[in-house]
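> Dumping the structure here so I can ask a few things about it.
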Amino acid sequence: MRPAVRALLACAVLGLCLADPERTVRWCTISTHEANKCASFRENVLRILESGPFVSCVKKTSHMDCIKAISNNEADAVTLDGGLVYEAGLKPNNLKPVVAEFHGTKDNPQTHYYAVAVVKKDTDFKLNELRGKKSCHTGLGRSAGWNIPMGKLYKELPDPQESIQRAAANFFSASCVPCADQSSFPKLCQLCAGKGTDKCACSNHEPYFGYSGAFKCLMEGAGDVAFVKHSTVFDNLPNPEDRKNYELLCGDNTRKSVDDYQECYLAMVPSHAVVARTVGGKEDVIWELLNHAQKGEADAMSLDGGYLYIAGKCGLVPVLAENYKTEDGSCKNTPEKGYLAVAVVKTSDANINWNNLKGKKSCHTAVDRTAGWNIPMGLLYSKINNCKFDEFFSAGCAPGSPRNSSLCALCIGSEKGTGKECVPNSNERYYGYTGAFRCLVERGDVAFVKDQTVIQNTDGNNNEAWAKNLKKENFEVLCKDGTRKPVTDAENCHLARGPNHAVVSRKDKATCVEKILNKQQDDFGKSVTDCTSNFCLFQSNSKDLLFRDDTKCLASIAKKTYDSYLGDDYVRAMTNLRQCSTSKLLECLLLHLAVS
């Protein structure tokens, strides 16, 4: 690379690093999943908002640490539960809400939700009979999970003039209240499921943390009552038949169906809100950033299959498909079929087939990845009719799973030291296609990868110590009809076809986007041979910027609908898997902002 180009790139990188601090929002996160989501948000903001506002990510261990960080000007924004919004507004923090989520419609936005007490239908106690019961809470200081129910029960609490934590510990026989002081009030953490220092943790390291965690505490029989918000039951039990097993405790000491939350609730609660400092808090910049992110102010981006499905559900359409193999003149008019998602086993394990995977040890590329998770888990859902994949397999490595899950049990982490086990990146040696295959070789019974993974890592194609002596004949793929075939016959024995990445756009912009990108690839596509001094659309100094680096061309898609592009098998798998997701991304927006 010529010195002038190096200097130019260095200046560009420096420019990003020194982006106007007044136009940069430092978002505070409290978990690895949030940090990863923030990093993705930051990258996409850089892509579509060249002049800002910008995003940087700050990692803390709890919401209270984030509140302190914002107060101390170490961060700028965090999304908080209503109870913590109140806490954040007190001295010395003095933070204020800037933007609120809403739970209604565009015509009828509602910046509140209902705090409810959920119980199993086969029990018979009422709200005034909770003394001595086992309770599940979202977290200490959280609105629906703590402040509202404790306020409602205040008169019933023994010695309410004492610490509320102490009074609650004496009122309930046992509880899980994440973020509580475990050493001072062990009963408040007694039901929590975290291991070691994760028990009762103020983050997702505690399995019973948050709305879904508190409801899981009830579902798994740890507690008798869960204090959550009204939508929690619907988020975790999309099947109406499953919801019939639960009821709400009403303030008049009756019970009602979970569908009747507007008539049977403990209180209406302010929605979660983004908070910022009162002085120098960048509220205008935060609003501008989130408003851009929510509205249609970007026209196109390239997405993998899992996100293509979500984009389609949100009303976007595929415009052009990335082709990775076709290089002749037909490339732009012939979208490739995509790759094959397969289940690989050792030839020596002759008794394993698609129909008897229960109790086996599984290896996955990562949670939410197409071949390694979305397709196989979506197909398994149709067989087992539940989302308990961690119970279906005896152990596994699915990077991105909760650390205490059995789906992290096989993960080995980084060669550089402990603490990176099961993380969804290259610090986990069993991450990705090659990592999942290595997991099969060393510890697992089945690996969910793509059809070329075995070929790329056997017969001398991978010289790493674990792979250098492997032969492709030592492995087979599982067919959905219960048979097996050689890995070279994956075309006739696979789980589903994984789509190539594709460019998506709003329907009203699709024609324009296609026209512009076709012109761009004519000028800057594979016809450009020297990318050191010229712009190349399909090559980048960093990996896979805008498009995958191995893209040969962008091919026109005849039917511009997400389901026709993804294919029936893939859509069916994703539709099944959606029953197991509580991701707000699947509701099309990361944040529901009040209508401007």
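Heads up, the Cβ atoms here are built off N, Cα and C, so glycines get one too.
Predicted automatically and left uncurated, TrEMBL annotations should be read as such.
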> According to TrEMBL, which residue among Cys28, Cys38 is joined to Cys57 by a disulfide bond?
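Matching partner in the record: Cys38.
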> Going by the disulfide annotation in TrEMBL, which one of Cys192, Cys200, Cys202 is bonded to Cys176?
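Between Cys176 and one of Cys192, Cys200, Cys202, TrEMBL records a disulfide, namely with Cys192.
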> I want to verify the bond table. Which candidate from Cys28, Cys217, Cys250 sits on the other end of the disulfide that TrEMBL records for Cys136?
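Between Cys136 and one of Cys28, Cys217, Cys250, TrEMBL records a disulfide, namely with Cys217.
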> Under TrEMBL's annotation, the disulfide partner of Cys189 is which of Cys200, Cys202?
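Among Cys200, Cys202, the record in TrEMBL lists Cys200 as the disulfide partner of Cys189.
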> Check for me: which candidate out of Cys66, Cys179, Cys202 does TrEMBL give as the disulfide partner of Cys28?
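The record-listed partner cysteine is Cys66.
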> Looking at the binding-site residues Tyr113, Thr138, Ala144, Gly145, Tyr211, whose Cα is closest in space to that of Cys189 (disulfide bond)?
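Closest recorded candidate to Cys189 (disulfide bond) by Cα: Thr138.
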> When you put Thr138 (hydrogencarbonate binding site) at the centre and draw a 10 Å sphere around its Cα, which of the recorded positions Cys28, Cys38, Cys57, Cys66, Tyr113, Cys192 have their Cα inside it?
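Checking each Cα against Thr138 (hydrogencarbonate binding site), there are no hits.
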> In the structure shown, which of the recorded positions Cys38, Cys136, Ala144, Cys200, Cys217 has the fewest Cβ neighbours within 10 Å?
Cys38
> Mean pLDDT for the domain 'Transferrin-like' (25-579), as a whole number?
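Overall, the domain 'Transferrin-like' (25-579) comes to a mean pLDDT of 80.
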> Pull out the recorded positions from the set Cys28, Cys38, Cys57, Cys200, Tyr211 whose C-alpha sits within 10 Å of the C-alpha of Ala144 (hydrogencarbonate binding site).
Tyr211
> Translate the DSSP assignment of Cys176 (disulfide bond) into the three-state scheme.
strand
